[in-house]
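Colleague: Just passing along the structure, written as structure tokens.
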Amino acid sequence: MTDTGQAVAAPAPKRSIIDTLELDVRLLGMLVAFAAIAIVFTIWTGGTFVSPRNVFNISVQAVPVAVMACGMVFVIVARHIDLSVGSMLAMCSAVMAMSQAYWLPSALGLEYGSPVILVVTILIGFAVGTGMGALTGWLVGYQTIPSFIVTLGGLFVWRNINWYTTNGQSVSLTDPNLLMFGGTEGVLGAPISMTLGALAAAAAVFALYSARKNKLSHGFVVKPAWAEGAMMGIVAGAILLFVTWLSRYPVPEAKLKRLFQARGEVMPEGYTAMHGLPISVIILIVVAVSMTLIARRSRFGRYIFATGGNPDAAELSGINTRALTVKIFALMGFLCALAGLIAQARLQSHGNDIGMLEELRVIAAAVIGGTALAGGVGTIYGAVLGALIMQSLQSGMAMVGVDTPFQNVVVGLVLVIAVWVDIIYRKRMGLAK
Amino acid sequence: MSNAGRTPLVEMRDISISFGGIKAVDHVSIDLYPGEVVGLLGHNGAGKSTLIKVLAGAYQADHGEVLINGEKAEIRNPRDARAYNIETIYQTLALADNLDAGANLFLGRELMSRGLVNDAKMEAETRKIMGRLNPNFRKFNVPVKALSGGQRQSVAIARAVYFNAKILIMDEPTAALGPHETQMVAELIQELKAQGLGIFLIEHDIHNVMKLCDRASVMKNGQLVGTVNVNEVTDDDILGMIILGKKPAHLAA
Ligand SMILES: Nc1ncnc2c1ncn2[C@@H]1O[C@H](COP(=O)(O)OP(=O)(O)OP(=O)(O)O)[C@@H](O)[C@H]1O
Ligand SMILES: [Mg+2]
């Protein structure tokens with residue numbers, strides 16, 4: 001044991017730029033892949049691919065899968081799997097659709113579209129999702145049925161209880177307050193978006209700065225100040241670029257006119273407004289940031305990773321791994337409900353096939369994002385990026401006229417290749433990473 | 001040292017536990033006094049690890065009882081054991097390979113600040129304790145799967161001694177250590193003993209047993225062969241107990 005210790009203590013060898021910036025190589029790889037996809041489709045479509053409108057659409061479409069992928073990271077890190085997320089999404093969506101359109105209006109004697117109904121509906125939806133997840137977690141954690149089996153069963157069960165809940169009918173949803181969660185119908189406009197973007201950039205810079213200060217206060221080595229500055233610059237720049245871009249997507253004139261009419265006003269000549277940040281994307285960002293915080297800085301997150309790394313060690317360290325399993329799946333269920341809300345708002349209806357096959361996209365997003373099926377390893381930002389990469393691919397292919405079956409072929413190949421490249425990379429670098 | 005009249009720190013009475021048909025531990029009673037090191041010896045598969053896992057809360061005995069300071073103790077899980085200030089170095093080390101040394105050391109007992117896990121503080125504490133145990137240890141920021149066997153063992157030892165244990169269980173703590181590190185652990189054991197801890201030490205090296213232990217309990221095929229005061233026997237006597245499963249003639253009375 002002395003030899004390795006000495007080697008590290010020896011004068012530091014010349015460090016590469018990647019080491020100096022302490023960049024996660026895996027993240028870098030994904031960003032490069034993402035950039036490559038964007039560049040290829042931008043050239044192919046003559047620029048339309050990166051137009052504010054398309055960036056907006058890709059972001060909005062990726063939200064439900066990305067939200068669920070955040071939860072799937074925890075599930076997979078803890079050495080489980082959840083094949084039922086698409087069906088849980090459908091089940092939550094069905095309950096929420098029926099609650100707001102039929103059950104609550106008659107139970108509370110209120111009109112469809114009343115804010116009270118929407119609030120109660122959302123609470124019911126969240127409770128149902130969390131409950132379904134907790135039930136899965138109980139079967140897995142306390143009854144020790146493999147999660148693959150429980151959730152494969154759940155996939156069939158929830159999908160079809162969903163059918164009975166709505167009697168197989170689609171439910172059309174028109175409440176403008178609900179549609180706010182869907183994307184295009186719920187945007188913040190340019191001024192608010194830019195302000196939020198500036199605040200977020202400042203918060204990110206501050207977070208990096210305080211992490212550095214904390215390390216310094218314990219006398220640890222930190223990266224050089226210029227490298228830290230560059231990191232802050234890149235992060236803040238990316239945030240600002242994203243909000244600026246979305247703030248350049250104009251709301252169509254006809255729609256603006258309608259909005260003014262609805263308020264009983266006449267639109268002034270030459271009036272324009274921009275979309276800016278959609279509320280659904282903000283929800284995704286809040287979910288991703290909270291989940292990252294949970295993963296890295298909370299006991300719950302620490303225990304999830306410990307359990308994934310070595311379940312026996314976690315148990316012997318006094319962690320209640322059974323209760324932990326229930327919590328992990330309950331959180332997954334909650335996120336399915338949230339994704340269901342966003343999905344039905346975007347589609348402006350609940351249909352039987354909502355969320356169909358979504359479980360596979362969610363798992364693919366997590367895995368493309370670097371979550372190891374063996375457990376113990378995974379990041380939230382990776383999963384979100386994985387969802388974005390898949391959505392960009394599909395959107396790009398659709399734009400250049402690739403037909404749907406072939407789109408799915410490509411997505412499938414990308415999944416396998418992403419994991420393959422990762423394995424080759426790890427072998428080259430020595431397993432330790 | 002005379003234990004007459006003192007209350008044992010730990011008494012395991014008539015413990016039995018079986019896996020399927022195999023009686024891994026068969027009506028074994030051992031005890032431990034404060035400031036004492038009791039060696040637990042026996043061939044591979046004798047039941048040593050299984051016996052101490054009952055004390056550590058990892059297993060539930062099928063039969064028998066555990067007394068701590070003379071009072072019956074209910075140890076249903078590792079959390080209960082920790083509440084009795086029992087710390088364990090497992091033979092398998094019980095480390096989460098994907099976490100770094102600090103996260104493993106504080107696993108289940110994280111240092112928090114404002115409701116969040118304080119990794120920097122934990123790393124600083126880990127550096128302090130490792131400085132005493134294994135001053136050459138430098139790999140604080142990598143997952144423990146990137147450590148050598150001995151380095152991993154150092155982390156497991158650090159975890160057991162950091163939290164002011166009163167009862168320490170060490171299951172082959174030096175199996176992967178080099179001579180210098182083994183010497184440091186030997187010194188640590190003597191220091192902890194002087195502080196009044198009781199230590200169960202599972203150890204195959206008879207030389208270490210003679211040097212470190214006050215008493216030795218020998219097991220064979222799940223049963224207790226006997227317990228002897230180390231200063232009243234020779235290493236050949238103990239080897240005889242391990243191999244033949246009988247107490248030496250001059251002590252048998
Ligand atoms: N979880 C288990 N399931 C089934 N059998 C077990 C289990 N743990 C231990 N055993 C059996 O119990 C017996 C005692 O095992 P134990 O690990 O206590 O031996 P030991 O004395 O610690 O041996 P060693 O010196 O090799 O560590 C062995 O026959 C072993 O096969
Ligand atoms: Mg053993």
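Cβ atoms are placed via backbone N, Cα and C, with glycine included.
If you look up TrEMBL, you'll see A:25-46, A:58-78, A:85-104, A:116-140, A:147-166, A:186-209, A:230-251, A:271-295, A:324-343, A:363-388, A:409-425 marked as transmembrane segment.
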Colleague: Residues of the same chain, at least six outside the transmembrane segment (A:230-251), with any C-beta under 8 angstroms of its C-beta?
Modeller: 21, 51-53, 55-56, 59, 187, 190, 193-194, 196-198, 200-202, 204-205, 208-209, 223, 272-278
Colleague: Suppose I define contact as three or more CB-CB distances under 8 A, residues 6 or more apart in sequence; do the transmembrane segment (A:58-78) and the transmembrane segment (A:271-295) meet it?
Modeller: yes
Colleague: With pairs 6 or more apart in sequence, are the transmembrane segment (A:147-166) and the transmembrane segment (A:271-295) linked by at least 3 Cβ pairs under 8 Å?
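Modeller: Answer no: the transmembrane segment (A:147-166) and the transmembrane segment (A:271-295) share fewer than 3 Cβ pairs below 8 Å.
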Colleague: Are there at least 3 C-beta pairs under 8 angstroms linking the transmembrane segment (A:25-46) and the transmembrane segment (A:409-425), leaving out pairs fewer than 6 apart in sequence?
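Modeller: They do touch: at least three Cβ pairs between the two stretches lie under 8 Å.
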Colleague: Which listed range (A:85-104, A:186-209, A:271-295, A:324-343, A:363-388) shows the maximal number of Cβ pairs under 8 Å with respect to the transmembrane segment (A:25-46)?
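Modeller: Selected stretch: A:363-388, with the most Cβ pairs under 8 Å.
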Colleague: Is the number of Cβ-Cβ pairs under 8 Å between the transmembrane segment (A:324-343) and the transmembrane segment (A:85-104) three or more, considering only pairs separated by 6 or more positions?
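Modeller: Judged by the Cβ rule, the two regions touch, with the required three close pairs present.
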Colleague: The transmembrane segment (A:186-209): which same-chain residues, six or more beyond its ends, come within Cβ distance under 8 Å?
Modeller: 179-180, 228, 231-232, 235-237, 239-240, 242-244, 246-247, 251, 273-280, 282, 285, 345
Colleague: May I ask whether the transmembrane segment (A:363-388) has at least three C-beta pairs under 8 Å with the transmembrane segment (A:271-295), counting pairs 6 or more apart in sequence?
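Modeller: Yes, the stretches contact each other.
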Colleague: In terms of Cβ proximity under 8 Å, which residues at least six beyond the ends of the transmembrane segment (A:363-388) contact it?
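Modeller: Distal contacts: 24, 26-27, 30-31, 34, 58-59, 62, 65-66, 69-70, 72-73, 76-79, 81, 83, 284, 288, 291-292, 295, 305, 307-310, 411, 414-415, 418-419, 422.
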